[in-house]
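Annotated features, as they stand in TrEMBL:
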TRANSMEM  22-45  transmembrane segment
TRANSMEM  57-79  transmembrane segment
TRANSMEM  99-122  transmembrane segment
TRANSMEM  143-167  transmembrane segment
Amino acid sequence: MGAQAGFPLETWFWEMPLCTRWWTTATVLTSALVQCQIVTPFQLFYSFRAVFYKNQYWRLLTTFLYFGPLSLDLVFHVFFLTRYSRLLEESSGRSPAHFSWLLLYATTCLILLSPLVSMPFLGHPLSSTLVYIWSRRNPDTRLSFLGLLVFTAPYLPWVLMGFSLVVHGIVPKDEIMGVVIGHVWYFFNDVYPPLHGGSKPFDPPMWWRRIFEGPVRREESADAINNEIAVAAAPEVR
């Protein structure tokens, strides 16, 4: 074996971008801790009273990490989480600044809305948010569901909703909430800018980008702006 060879699972893990890698790891570890009875689901869900009156602030994070005990259902959720989170993060560039800002936006919205729909665990709607954004940004991608139904990517959230409705017999409020939050992000990042001179109100602020990219990125941004000004000021060649 060559020096650079490794186990396929190890290679797959380290090839994942930063945010997706650690979100996936934390999700699996959380389910394993529950399975081993080290913690219980009652210690993980989001509760306004538990967080802000009893100072159990870890619930703001663990509510997005627990998808259920170790089971095939967990494998299904981890697959969707890993696949579409990875695709979306990689399309945002290798720097985690933009994707982590998306996660902060989505998690904040879900926590604010969760009391309205009585939803203690928010990992599933967060995944639905990412699936929706990815599906809207890849309108020509063709997908197959269970090998029976072939459709283009924008229909994926609705196919998943229909499947959930058939299997569970209830309206999937978590997926609907994820779609609504995802659509707001998609609109202000992909639809709004071309109509308003390239303005992107949902882009991460510079202080957030410096956390992940350092001051060098700021200098590069300034150079890029100066270059654009120079190009715009140059006489048009006829």
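Each residue, glycine too, has its Cβ placed from N, Cα and C.
Pairs of Cβ atoms less than 8 Å apart link the transmembrane segment (99-122) most often to 57-79, out of 22-45, 57-79, 143-167. Sequence-distant contacts of the transmembrane segment (57-79) (same chain, at least 6 residues past either end, Cβ-Cβ under 8 Å): 23-24, 26-28, 30-32, 34-35, 41, 43-47, 50-51, 107, 110-111, 114, 120-124, 126-127. Beyond the transmembrane segment (22-45), the same-chain residues lying 6 or more positions past its ends with a Cβ under 8 Å from any Cβ of the stretch are 13, 16, 59, 62-70, 74, 77-78, 81-82, 85, 103, 120-121, 123.
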